[in-house]
Each structure stands twice: as C-alpha cells, then as structure tokens.
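> This is the structure I want to talk about, given as structure tokens.
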Amino acid sequence: MGKSGFGRGEAVGWAAAIGAVSIWASWAVATRWLLGSATLDAIDMIAVRFLAAAALMLPHALRHGLPLCRLPPLSLAAVVGGSGFAFSLCNTGGLVFAPAGHAGAMTAPLSAVFTGLLAHLVLRERLGRRSLSGLGLILAGVATLVGATLAGHDRRVFLGHALFAGGGFLFACYTIAIRRARLGSLDAVALSVIGSAVVYVPVYLLLVGPRFLDAPAAELFLQGALHGGLAATLSVILFSIGVARLGAARAASPAALNPALTALLAIPVLGEVPSLIEIPGFAALTAGVWLASGARLRGGPRLEPPGKGA
C-alpha cells in the first residue's frame, strides 16, 4: 500500500460496502412493494429467504465446515441473529408498518451508529469528535422523521421505526462479531443463513405449516432470488468483505447513501414521496452517518481474514 494509504485492497473494500448498501436500498423498496401485492406475507418471506440462502451456501459449508468452534456463544448468537432471522424479523416486519424510505433512513444509519459505538467499546477502534457530532445529526434526522409521522402518517409507523432501530442494532452486533472473530465473508454468511434456517424454519413450519408453497412458482423464484440470493447472501458477503478490508466502522460508512437512495427509488416504484418535513431529516441522516461511522479515506488497519473467505 502506498503512502496515501488507499490501495487496491481498500478500493475493493469500498466497492463491496457500497454494493451492499445498494442492494439494501433496492431490497427495501422491492419488499415493501411485494408486501402489498404478492401472495406471501412477512413471515413467509423470511422462511423463503433462509431456505434459499441456506441452499446457496450449503456447498461451501459441506466443503469447509461451519466455524462454530471459533465463536463463543454470545458471538455465535450475534452472527446467526444479527444478519439472520432476528434481523429479518425486524427489518421485514418494519416494512409492514412504515414506508421504505423510513427503512432506508433508520436501519442502515442506526446500524452505522451502533457499529461505531460498539467498535469503540469492544474493539477499541477510535471514536472521536467527528463521530460524536454525527450521532447528534442522526438523532436530529430520526427526530425529524418521527415528527413527520406525527404530522401525516398512521401511528403504527412508530412500530416500524422501533423494528428498524432493532434491526440496526442487530446488524451492528453481527459486524462486530465477525470482525472480532476474524471470520471470512463466506464463513460468516454460511453460518448466518444456515443457522437461521435451522432455528427459524422449524418454528415457522410448526406454527403455520408450509404455507409458502401456496404461492405461484414464479413468485417463489422471485422471492427466493430477492431475499435469499441478494439480501441474505450477496449483500452480506459484500459487506463482510468491506469489514475485512476497511475495518468495522469505515465499512459501515457507505450506509450514508442508504437514506437518499432508498427514498429516491421509492418515489417511482411505490409512489412514496418524502414530505417537505422529511427531506431535511434525510439530509441530516446522510451527513450524520458519514460522521458517526468515523469514516476516513485514509488510515485504519486493514484486516485480512485468515483461511477461507474474502
């Protein structure tokens, strides 16, 4: 790496993290649309998500095994739940109640905030004045969206906000767990999706049976590709590569793009146009995430995960 501190490895890390955020924004809009027009509801979508993702990652798991012995119980729970079934229950469930733009404005931005704080507390990554200033901007942005909800949305939107915040915290826990355990991207995703399938699908089948099979084959393929292929697998692999190349806090910083990107996509697809009250909130969140994540274009140790993975 050159004196500038920005080499090929970091370029790959930034590209991967931005790619993950782009998938998250597209997923939020597509899922919100499907919840209003498709056969499957939120809990069905989550079952399809992890059945499809587990099938995709099973060859890797059979070849390399799952890194269970490398994780203490709490970290294992953070990996399986933080980007797996618990995260999906929060994020997909939140879209039942709140607009896609609010998902983009809360889940990824708050995940960046929680990641910065946890990286400072657990990994001893530096959290300076710039990061703390970002926290204030994010709080201002969230408060603006809550105020807009009071002014013009159904009060159930608050439940969606709470679920998005919970999803942000869970994904931050996942980020810290894989960073601390030095898991490769494929190992982390395989453990997350296969573990989620093992935990979630039996409970789903016990409660409602194989209800997702009532959906048309074309819809099942679409849902499996969207939730299992893109959201649960590819986006998490890309984000894990970002964490490995950039560090936890810097990899979270492209989440600054998520509020505006999701809101823009939601306008033509869903007809969800931000109000004049919400627009300053999106702007504050975008600036705040960049600051709160502690992102720097230079500096910060590069982590290469050992063995398999990115």
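Placement of Cβ uses the backbone N, Cα and C atoms for every residue, glycine included.
From a predicted model like this one, the values you see are computed outputs, not experimental measurements.
Found this in TrEMBL, in case it helps:
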- 15-145: domain 'EamA' (DOMAIN)
- 159-293: domain 'EamA' (DOMAIN)
- 12-30: transmembrane segment (TRANSMEM)
- 42-62: transmembrane segment (TRANSMEM)
- 74-97: transmembrane segment (TRANSMEM)
- 103-123: transmembrane segment (TRANSMEM)
- 135-152: transmembrane segment (TRANSMEM)
- 158-177: transmembrane segment (TRANSMEM)
- 189-208: transmembrane segment (TRANSMEM)
- 220-244: transmembrane segment (TRANSMEM)
> Summarise the model's confidence over the domain 'EamA' (159-293) as a mean pLDDT value.
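Averaging the confidence scores along the domain 'EamA' (159-293) gives 88.
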> I'm a bit unsure how to read this: which one of 12-30, 74-97, 103-123, 158-177 has the highest number of Cβ pairs shorter than 8 Å with the transmembrane segment (220-244)?
12-30
